[in-house]
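Undergrad: Checked TrEMBL, it gives:
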type	residues	note
DOMAIN	73-343	domain 'Integral membrane protein YccS N-terminal'
DOMAIN	410-533	domain 'Integral membrane bound transporter'
TRANSMEM	42-59	transmembrane segment
TRANSMEM	71-89	transmembrane segment
TRANSMEM	117-134	transmembrane segment
TRANSMEM	146-164	transmembrane segment
TRANSMEM	399-417	transmembrane segment
TRANSMEM	452-482	transmembrane segment
TRANSMEM	488-509	transmembrane segment
Amino acid sequence: MVSGRDYLREVQKFTTSQYWSTGLRITAGVMLPTFIMARMDWLTLGMPFLWGALFVSITDMPGPIHQRRNGMLAAIALNTIVVFITILIRDYPALLLLGVTLFSFSLALLGIYGARAGAVGTLALVIMLLNFVSRYDEEQFLLREVALVAGGGLWYTMLSLMLYRLRPYRLAEQAIGENLITIADYVKARGSLYGQNANLHDCFRRIMLAQVEVRRTEEQTRDLLFKTRQFVADASPKSRSMMMLFLDAMDLFESSLKSHQQYESLHKNLKDSEILVKIHGVILQLAAEIEHAGFRIQSGVAIKKNIDLSSNLSAIEVLIKSPQYDLSAADVHALLGTLENIRFMANGLQRLVLYSRNEVDISKATSSIEEVAKQVSAQPIDWDTLRENLTLSSNHFRYALRLTLALIVGYLLSSLLSLSHTYWVLLTILTILKPIYTQSRKRNIERLSGTFFGAFLALGMLAVVTNTAILLVVMILCMLLAYSFLRVNYFTFVFFLTLFIIITFHFLNPGEISHLVKERVIDTLIGSVIAAIAARFILPLWEHEQIEASLAEMIAANRQYFHDVWTASTSDEHGHLTGRPQSRSKAIVALANLSDKFQAMLVEPGQNGNSVAIHQLVIANHMLTGHIAAIPTGLPKSAFANDHLDQLALAIEQELTHAENQLLHKSTPSDKMPIKVSNTITQSANPLGIVYALAHDLRRICQRMQT
């Protein structure tokens, strides 16, 4: 049962996050000019200004300030051009249909240049659809409407840049804090492996979902910090503290990946013992401390509380060594390795606490920053990228065609049925359809349910509440909540947006509200059906058809990661290195990508016949990455000079190479075929023996899939 304190904590975490700040910024950017225009009775004429501000504000995604600025300026230019052309052709149905076709295809393709460019294209298409019909009784000047759209965009851009200048570090603090909070969730998921009666399949499913979130926040934070000159070039304590907070957060996550034992045998050997209960408890305590650190950093304040888990860890260590449990040497070694990893993470978290207080070692920061900066690459906007995606093998190209055809069908059907709000149908299609089927399916369900629940509550509220001031406050609050949840929970966004729109219509047309709500629900249903059919049947690209290639990429990344870890461990620096950062990072990214694709595959209508084997491969790869990460600290230094272990390391690489080739339907050269290794070597090499067993299992599962 969740306590009131926990609910309050969740509210505090959300209201200090970047999402709440974004909602506040968008609401202020739109509502301030709205009040001024309403006061001066210019609201109807000034609607294009508000649209211009709104549809630029939604493209203002978190990221480096120069990318945000360039994105907003691009949105202003594109919105202005699209509105200008739409107004010229909107009275000519044939030309308007041609405009929908050309704009929907070309603007949807902007997604090949990243999420920001994709948002700019999508919002330009939205503002085109909203300008399908004139909102005035008499003919208006074309240039005035276009100028108002541009003016609204410029107003919001200036507001956003001004707020950034006032608090230049705020977004970085929020991004780092969110990253730490997602890491805490991941640590909790890993800790569930030690819980009593743990279902390992459910545990690994939680781990996969949590890892996808960590990867998302880590990439966003890395881009924000390492693509912003203020952080890279500035040697001030605050900038360096931000950098080192993120680098230590990365270290925390990579440490949490380490695995020191096989969990099935662990539960079998320690069933009903208090050792697992206490280890689970201390992991949850560590996760709570990481979450607290993330919340404090996200709130923009230093972490006052020091981290010390030494007494708890020492007590568990005494239990592990106690003769009452009669544990094997291998089990003792694995459990002590787990405790050592928790201790290492706690020390790293304490270091992070010091960085939050601006106690920074500048020389260390500089070398670490340069290392990570090498991994950050810019995404160029060029013709080559566009040309490479003009093929059916590109998911973005398929999406552009799918969206274009769906909008054409929606436009023609709306015209045939003489619907009064054609753009509502088209907006529903546009907001539901996404490049990936599972995203479209999820959005469709959330769009329908959010619209229906929002409309029902709005009508009930309007029937009970007649006070204009109360309705105005509710309307503003709904807008704030809607755009705060835009990138967090689409159902909640649609729910509050529907409330906001209906209350707004009530102020503008109080006598027609029931009719408007009925039309909106019908139009949403029509658009939803068209979007569902398009997502299912128009050039879908199924994840279950690509999962084997993703598995091969994952195995290749793990093979390279293992090679680098073993090479580093057997060098003069053995025991102190965890492999090249590049291969480690690639393995983690590949693992998150695989987890994401696997989760998407599970809800697709036509799944791969090998879904059970694929599930086994995904879990085995998760375990393999963790055990590879544990090699440098899991073996004594003297073990790395053992010829038998060198033979075992070679066998591991060959097992993984063969598994990868089987997934890619390639033949393995005779000199790369797996070699036989004696059971004595595999059983004596801990944790290398576990890595070999996992690699061997991977190869056997891949072999079964191909037969």
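Even glycines carry a Cβ here, placed using N, Cα and C.
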Undergrad: Residue counts in helix (H, G, I), strand (E, B) and coil for the domain 'Integral membrane bound transporter' (410-533), per DSSP?
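TA: Per DSSP, the residues of the domain 'Integral membrane bound transporter' (410-533) fall into 106 helix, 0 strand, 18 coil.
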Undergrad: Do any residues of this chain, six or more beyond the ends of the transmembrane segment (71-89), have a C-beta under 8 angstroms from a C-beta of it, and if so which?
TA: 48, 52, 55-56, 59-61, 63, 95-96, 98-99, 103, 107, 116-117, 119-121, 123-125, 127-128, 131-132, 142, 145-146, 149-150, 153-154, 156-157, 160
Undergrad: Quickly jot the same-chain residues contacting the transmembrane segment (42-59) by Cβ under 8 Å, restricted to those at least six beyond its ends, or write none.
TA: 25-26, 29-30, 33-34, 71-72, 75-76, 79, 83, 116, 119-120, 123-124, 126-127, 130, 135-136, 145-146, 148-153, 155-157, 160, 483, 486
